[in-house]
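Q: The following block contains the structure, expressed as C-alpha cells.
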Amino acid sequence: MQNANAPLIVQPAPQPTPEKHIPIFSSPAQTSTPKESVKHEFIKSLISKLPKIASHTHFNSFHARLLPSITPKHPSSNSATEITNSLFFKEFLPSKTTFSWNSLIEIFTVNYRFLQSLFLFKKLLLSPFSKPDPLTFPPLLKSCVGLLAPKIGFGLHGYLIKCGFRNLVAVDSSLVLMYMKFGRIRDAVQLFEEMPIRDSVSYNYLVCDFGANGFYEDVLMVFERMLKSGFLPNMDSVFHAIMACCELGSISRGMLIHNFVIRNGFASYVAIANLLISMHLKFERLDLGRQVFNEISERDVVSWNSMITGYARSGDWVQAFGLFLSMKKEGHLVPSRVTFLGLVLACGQAGNLDFGKSIHGRLIRIGLLSDFRLGTSIVDMYSKCGRVEDAGIIFEEELFERSLVSWNSLIAGYSQNGYDYEAVKLFKRMLLESNLKPDAITFANVIPAFASLANLHMIRSIHALILKKGIKLDDDIVLSTAMVDAYGKCLDIEAATSLFTCIGKPNVATFNAMISGYNLNQLAHHAMMLFLEMLRSNVLPDSITVVMLLQSCGELESLKQGSMAHGYCLSKGFSSHLTVGNAMIDMYMRCGCTKSSLLLFSSMSLKNVVTWNTMLFGYVKIGHSVMALKMFSKMQSENQYKLDSVTIISVIQACAVVSARHNGEIVHGLTLKLGFDSETLAMNSLVDAYAKNGLIDNARSLFKQMGESRDQSSWNVMIAGCGMNGKGEEACMLLSRMEEDGFKPNSITFTSLLASCSHSGLVDEACRYFDMMVKKYKIHPSLEHWTCMIDMFGRAGRLEEAYQLIKSGLPENSGCLVLSDCDAVWGALLSACRTDMNMELGKLAGERLLRLAPDNCGYYTLLSNLYASGKRWDEAAKVRRVSEDGGLMKKPGLSIVKM
DNA sequence: GATTAATGTG
C-alpha cells in the first residue's frame, strides 16, 4: 500500500505566467505545419484549465482512493521537490532528450505532483530541442486522473490520435485506465477491445475498475479472459475477483479462483488469503476456509478471527475454542475484540452457558464489556442459552451503549424463549424511551410475539407501519415470512394468502408458514395443494414441511394421503427426524390407525416427551383412556422422560373418562407435586375431570383456588361442569361473574350455558341467553347452539316452538346456516317428537330428514322407532324395508357417531 | 475480521 499521508499537492504549483509564453506560441515561425497548430491549440486549452484545477479542494481523499492502482513503483522516485530545486531541472533540462523529459514527467506523476507533470509537458512542447513521443503520455494520462481533469485527459487522447501515437500497449492501457476512472466505461472497453496487443497492466486496470464500480460479472469475465490469455494478475485483481465471487454468490467460480490462488502462491499474501477465507465462510464451506487458513505462512489476527467466527456461526464451539487456544500458543498475537465476539457467538450458538459465563467474566476483567458490540453479544449469548432473564438484567444495567441491535437482540431473546408479553413490552419501551427507529429486524423479532398473543390488531398496525416506512416486504423474505405466519396464527387467512401471493420468491420457510396457516385455519386441503405447488416451483421441502404435510393428512383423516406422505418421508430421508416421527404417529392416530401408530412408536429408537404425549393424547382423543393410562405407567417406569403439562393434561382427561375417583385424586396430587398447579391449562382439565365425574364440589373449590390464573376457558369449563351436574342456576350465575371478572363469553361459553339450561329445564333463561349471544356479543349461532335449543324445547314438550324455530331459520344478523337444510336439526326434532309421542311433527321431521340424508341409516332407525312407539307397526316396517333395500343397515352409521 | 431476524411435532 502507498502511504496515503504522503505530501500531496499542498503548496501552490509553480504558476506559469501566461504573458511570457503566449508570445512564443503566437510567433509566426511556430505555425508552419498542421501538427504544430494542433499542438498550439492544445497548449492554449491546457493553460486555460490549469488554474481552475489547482483550486480543487477534495484532492486529498480522491488521491488516497486512486493511488494504489495508478502509481507504478518507480525505482528512482526521489522527492519531487528535490528534483524541482535541482540544478538539473533549472539549468540542463532544456537541452535534454525526450527520454529525459519522459522520465522526469513520470517521476512527478509517481510522486503525486500531477500539476507539475503537466507543466513539464507544456515545457516539453515549447522546447525547441525535443518533441514528445508516445511514452510521454502514460504518466500524463495518470496525472489527469489524479487531478480529476477529464477534459485535459480527453484532449490528450485527441492529441495522441492526431500525432498517430496509438496502438502502443503502454499508451492504450493508460487510456483504458483513464476512461474507466472517469466513468466512461463503454469507451474504455471499446479501447481495450481495439488494442492489437494487450498487456497484464490493461487487464488489471479493467478488473480493478469494474470491481470498484460494482460490475462484478465483468470483473470475472475479464479476469478469466486474462488467465486464458496467459497473463498473471496482480494482487488487486485477485482481490477484486474474489470480492466479485462473494457478491455474486458464485460458488463454482469462487472455487476456480481458490484453486488459482493456491496454485500460484497468492495464499501467502495474508490479505488475499483472508478474503478467500471470508468467501468460503460466506458460502458455508468451513473446510475450504480452513484449507486456505492452513496455507497461510504468517497468519494475522484477522485470519484467526475469521476462522473462529466461522466455527462460531456453525455452532462448533469446540473448534472455535481450539483455534483460540492455538492462537494464544503462537504467542505473538493478541486476541482482539473480534476474537471475543467470535467466542461469545460460539457459546450462544452452541448453548454453552458455562463457557459463555467465563468469557463474560473475562470481558469484565479486561474492561471490554463497555464495548457496545461485545455487550450486545453477551446479551444475545444469554438469550440463546435460554437465560433471557439474565440477558434482560445485563441490558438494564446499561454497562454499554444501547444500540438498535441490542434492543432488537433482547426483543428476539424474549420472543424466541416464549416471553411474548415481555417482548411486546420491550418493543413498546423502545419506541417510547429510545430515539431509535425500529427497523425490519425489530419488526421481524416482535411480530412472532404479537402472533403468539393472537393480537391481530397489532399485526395489522405493524403491517401498516412497515408499508409507511417504505420497507419493501418483497425484498425481505424473513420479514414477509413472519407476517404471513402472523396472519395465519391470528386466523386472518385471507390476509396471509394475499400477502403470500405477492411475495416474488418465497423460500421454504415462507411456504412452511403458509402451509401451517392453512392447517391452523382448518384448510388442510389448501395446505396440501400448496405443498404440491411448492414441489412444482422447485422449492425443496424440509423436515418442517413434511411435519405439516402429515398434520394436513391427520386433519383430513385421510389414511390414503397419510400413507403417501409416509412414503415420501421414507424416500426423502425425513423419517429419521424425531419431529417427523412424532407427527407421523399423530397422523396415524387421527386416521384411526392405532396399530400403525403403536408399531411406529415401538420402532423409534429415539423418543422424547412429545413422542409419548402423542400416543397418550391420541388414545385419549379416540376414547381409549385405559390404553392411555397404561401408556402413562409405562412411560413412568422407563423413568427417563420428564413429564410436561401436555402429559399431565392427557392423564387428567383419561382419568375423567375412566371415571375413577381414586385415579382422579392421584392425578390431582401428581399435578401439584410436579408443580403444574400454576399451569392454567392443566388446572382447567382437572376442574373438568372432577365435574365430569360428578365431583362438582371438588371442581368448584379448585376453580376458586385458581383465582388470578383463571382464563376464559376456565370459566367455560366450570359453566359446563355445573350444567352436567344439574346446576343450571349456578351456571347462569357464573356467566354474570365471568363478565364482572372482565372475561368476554365466547361461542363455547354459550354452548355450555345453553346445555346447562337445557339439562335443568331452564327454557326461558336459555332463550334469553341465546338472544344475548346474538345481540350483545354478535356471535353467530352454530349448529350446536341450534340443536341444543331444539333439543331443549323437545324435552320441555314445547315441540311447536322447536318447529317454529327451525322454520324461522336464522335471525337476520346471522347468515352462515340455512337451518332447514341441516339434517342434524331435524334429527334433534325427530328425537324430541319420539319422546313426546308427537306423530305428526315426527313424521314431517323424519321425511325431511331422509330427503336431506338418504344414506344415513341412523335416521331410518330413528324414524322407524318413532312409528313403533306410536304402535304404527306398518309404517315402521316400511321404513325399515326401505333402508334394508338400500343396503343401509349394513353400513355403520358413522355420521351419527360423529355428531 | 464484527453483534440482531422468519417456518415445525402433542
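Just so you know, glycine gets a Cβ as well, placed from its N, Cα and C.
According to TrEMBL, the protein has these features:
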- A:1-32: region 'Disordered' (REGION)
- A:199-233: repeat 'PPR' (REPEAT)
- A:300-334: repeat 'PPR' (REPEAT)
- A:403-438: repeat 'PPR' (REPEAT)
- A:507-541: repeat 'PPR' (REPEAT)
- A:608-642: repeat 'PPR' (REPEAT)
- A:679-709: repeat 'PPR' (REPEAT)
- A:711-745: repeat 'PPR' (REPEAT)
- A:746-776: repeat 'PPR' (REPEAT)
Q: Other than its close neighbours in sequence, what residues sit by the repeat 'PPR' (A:199-233), given a CB gap under 8 Å and a spacing of at least six beyond its ends?
A: 69, 169-170, 172-173, 176-177, 180-181, 183, 185, 188-189, 192, 239-241, 243-245, 247-248, 250, 253, 256-257, 260, 264
Q: Give the residue counts of the repeat 'PPR' (A:300-334) per reduced DSSP state, in the order helix, strand, coil.
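A: So the counts come to 27 helix, 0 strand, 8 coil.
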Q: Against which stretches of its own chain does the repeat 'PPR' (A:403-438) lie, if we need a Cβ under 8 Å and a gap of at least six residues from its ends?
A: 372-373, 375-376, 379-380, 382-384, 386, 388, 391-392, 395, 445-446, 448-450, 452-453, 455, 458, 465
Q: Work out, from DSSP, the number of helix, strand and coil residues along the repeat 'PPR' (A:403-438).
A: 27 helix, 0 strand, 9 coil
Q: Give the residue counts of the repeat 'PPR' (A:679-709) per reduced DSSP state, in the order helix, strand, coil.
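A: Its residues fall into 27 helix, 0 strand, 4 coil.
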Q: For the repeat 'PPR' (A:608-642), what's the mean pLDDT in this predicted model?
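A: On average, pLDDT over the repeat 'PPR' (A:608-642) sits at 91.
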Q: What are the helix, strand and coil residue counts for the repeat 'PPR' (A:507-541) according to DSSP?
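A: Helix (H, G, I), strand (E, B), coil: 26 helix, 0 strand, 9 coil.
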Q: By DSSP assignment, list the helix, strand and coil residue numbers for the repeat 'PPR' (A:746-776), in that order.
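A: The composition, in the requested order, is 26 helix, 0 strand, 5 coil.
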Q: DSSP says what for the repeat 'PPR' (A:608-642): how many helix, strand, coil residues?
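A: Final tally across the stretch: 27 helix, 0 strand, 8 coil.
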